[in-house]
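Colleague: First the structure, which I've put down as structure tokens, then a few questions once you've had a look.
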Amino acid sequence: MNKTKSVAPKLLIIFSLFWVVLAVNPIYRDIWIAENLILVISLYFLITGYTRFHFSNTAYYFIFAFCILQSIGAYYSYAEVPIGHWVAQTWDLSRNHFDRLVHFAFGFLIILPFKEALARFVTFANKKTQYFVLIMLFIGIGGCYEIIEWWYATLFEQATQDSAFLGSQGDVWDAEKDVLLAGIGAWLYLVFFDKSSS
């Protein structure tokens, strides 16, 4: 890593303030808690591991952007985010696609920090192998998240909130599309924006 001063502390403060504001009165409190569990756990490991490993500033900006998107989705529930409704009405779409945006953003934005972290432990023979492993990793993570969503909705959710948490909005292939978008996001970043050398 270079010796450029890390932006992580400032971004953490900004995000924490944003997160606290949204925590005051979310649309569905139980869904907000469920949606934030993985986020809070992930941030805990980022914070506690900060003294041992720093990501690049670009990676921290990407993490920050994704956390903002995720927090907005958790506050409203993904199927009810207002900007998603506005886009759907403006473009005559059949559903609120904010959840699809966030799944794509997960792949596109979080692939860089994963790549930087994985580089500490694994040396790949070539870039093609590295990209394949990373993309498959994100597809796997996306699939695991969909299983967790299904598990939570089955065990804990009330029928009136079913679409609010799962965000499927009547699409029987919603989970598969979400996983695919995470993989596409990761692929697009690696192929078109990754400037690292082999």
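Positions of Cβ are set from backbone N, Cα and C atoms, glycine also.
Straight out of TrEMBL:
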TRANSMEM  7-25  transmembrane segment
TRANSMEM  31-47  transmembrane segment
TRANSMEM  59-78  transmembrane segment
TRANSMEM  101-119  transmembrane segment
TRANSMEM  131-153  transmembrane segment
Colleague: Take a look at 7-25, 31-47, 59-78, 101-119 and tell me which one has the most Cβ pairs under 8 Å to the transmembrane segment (131-153).
Modeller: 101-119
Colleague: How about long-range neighbours of the transmembrane segment (7-25): same chain, 6 or more residues beyond its ends, C-beta under 8 Å?
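Modeller: Answer is 32, 43, 47, 50, 54-55, 57, 60-61, 63-64, 67-68, 71-72, 74-75.
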